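Positions annotated as transmembrane segment by TrEMBL: A:27-44, A:50-69, A:76-95, A:101-123, A:130-148, A:183-200, A:236-259, A:271-297, A:317-335.
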Amino acid sequence: MFYREAGDFKTSYDADNQTFPIKFDRIGYYVALLVAFLVVPFMINDYWVNAIFLPFLIYAIAAIGLNILVGYCGQVSLGTGGFMAVGAYACYKLMTSFPEVNIFFHVILAGGITAIVGILFGLPSLRIKGFYLAVATLAAQFFLVWLFNRVPWFYNYSASGQISAPERTLFGVPVTGANTSAWATYLFCLVFLVLCALVARNLTRGMAGRKWMAIRDMDIAAEIIGVNPLKAKMTAFGVSSFFIGISGALFFAVYLGAVEVGEAFGISKSFLVLFMVIIGGLGSIFGSFAGAAFLVLLPVLLKNVLVGGLGWPTDTAAHLEFLIVGALIVTFLIAEPHGLAQLWRVTKEKLRLWPFPH
Amino acid sequence: MSTQESYVTDDGRTIGPTVMEMKNITLRFGGVNAITDISFDIREGEIRAIIGPNGAGKSSMLNVISGFYVPQEGEVWYKGAKRPQMKPYEVAQQGIARTFQNIALFEGMSVLDNVMTGRIRQMNAGLLSQALWKGKAQKEEVENREVVEKIIDFLEIQAIRKTPVGRLPYGLKKRVELARALAAEPSILLLDEPMAGMNVEEKEDMSRFVLDVNDEFGTTIALIEHDMGVVMDLSDRVVVMDYGKKIGDGTPDEVRNNQAVIDAYLGVAHD
Ligand SMILES: Nc1ncnc2c1ncn2[C@@H]1O[C@H](COP(=O)(O)OP(=O)(O)O)[C@@H](O)[C@H]1O
Ligand SMILES: [Mg+2]
């Protein structure tokens, strides 16, 4: 079977607007969904889920969130870790204050609370841009971590200062706490990722996305054409933080189970997600998946090959990972700002015409 | 000729009453007067040109109309009422669309998305509806796409619909920018040097589009042009500016025979 666009004519604007206009992509997408929902759950164990699948699913949500802000709306943010922490602590407070409410809604609500916090910290973006905005979001990052460390109410006055997720179930199956099974936590996070990706895709292909991109590409012209910059930027901060909050909630409640804020949601988390977005591709939902997958898999791969295979010491392998990631960031920033997503697109364009280029 | 009564032009178009009036506009940048005490009006359905040598203050005048520059003195009247101070996006929401002297397209977006952005005034589905791609958002998207496709056909840019704007040559970009402004279905269309930097053929195309827009949609157009010849062919009435002052105002013939205008144009080397 070949990758083909020709002969696939659209007869309505609705059809032309769809998420995967090319039939082959659409089939690939359905196959991926089927495998993700019906095959993977039966094949994974705790190691796979904890080393690869959960981090991938959760970081992909965060990367989609950050991509909306940075890639689509052009507003730099180094506050991702802090906003994930807001999602985590909001989820914790909700779980412990309203144990009768289902965890699914706690996670969504945690996203909503993070959205509000994100909008507040996004307000400076009306006045400042670029480097200065990055510094302002960095301040948000440090402030939020400090806040969750310092105000005991947030961690329910626990002696350790940590928060830990009590057991919660969905349809009777535990998804948080000590007694979870691999397939359940995987499916729980997968559902959130699929929902987030769909919402992100819908928003970015419609008017909201056009307004964001208009602000990104030329903010003054955008305003003269009728884009309200306040609204556009605030919706970007809100939607972005909503996703990041959800990812923070899942990271804490489902993945780690117990969290010390500085360790789990420090500045390095902000950079990690930003790197995923850059490597994956700014302004691409698919790129967010690719970037998350890449940076989750790379250390696992290096560890298995270098430490497991060649017998290197663990810290040397870790250093090499830093080097590789650093080199890749520089390479992508210089050579391919649209990241893995663009490389994939170019490959597809070549395939589309194969075997007759031009 | 009273400015309030409609009349029919030689080529059969109806020119209505005043839709916009600039009253004693003065705009300063620091010590420099970009515009000094200028008044003029724009009538419904007409093509109103603003001409003058480089640095005369023409673009500044459009920026005042757009709400991007706030004049130190003077008033803008729109549809019979004095306009309060407004943000540029509010002006756009009132139905004033424009193009820019230095193309201001959204380079990372496709031609289609650029033109669709022009529909901002007509598309106001809520965020939730957009997030679900259901109900109002989906309906709006299809309905407005239909309008946009007509404009794309009209300007003959069907073939580049899905192309990222950054890849287009200059002349096409100018056309896409016009498409984006037209998509707004504006009450007044402001064009800042739509033919600048074009070759003769492209200029002819663009002139034809401007005339057709005015003729077919009855759009009121205020256009800045450097080139006297083009202006004389296109416009119903002309404002002439020089060093921020108005030195002439009238039909192309009146302006052509105005001594102050002749002096300004002969006295200033214009490129
Ligand atoms: N933003 C600005 N800041 C300072 N001076 C400006 C600005 N915009 C325009 N000017 C000045 O106003 C005068 C008129 O400029 P402009 O309106 O662009 O002229 P035109 O479009 O007729 O060539 C020029 O002297 C220009 O330098
Ligand atoms: Mg100018």
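Every residue gets a Cβ built from N, Cα and C, even glycine.
Remote same-chain residues near the transmembrane segment (A:27-44) are listed as 19-20, 53, 182-183, 186-187, 190, 194 (criterion: CB distance under 8 Å, separation of at least six residues from the stretch ends).
Against the transmembrane segment (A:50-69), stretch A:236-259 has more CB pairs under 8 A than any other of A:101-123, A:130-148, A:183-200, A:236-259, A:317-335.
Touching of the transmembrane segment (A:101-123) and the transmembrane segment (A:236-259) is concluded from the presence of at least three CB pairs under 8 A, sequence neighbours closer than 6 excluded. Recorded stretches compared: A:130-148, A:183-200, A:271-297; the one with the most Cβ pairs under 8 Å to the transmembrane segment (A:236-259) is A:183-200.
Beyond its flanks by at least six residues, the transmembrane segment (A:271-297) meets 52, 55-56, 59-60, 62-64, 66-67, 70-72, 77-78, 80-81, 197, 200-201, 204, 213, 216, 244, 325, 328-329, 332-333, 337-342, 344 of its own chain at Cβ-Cβ distances under 8 Å.
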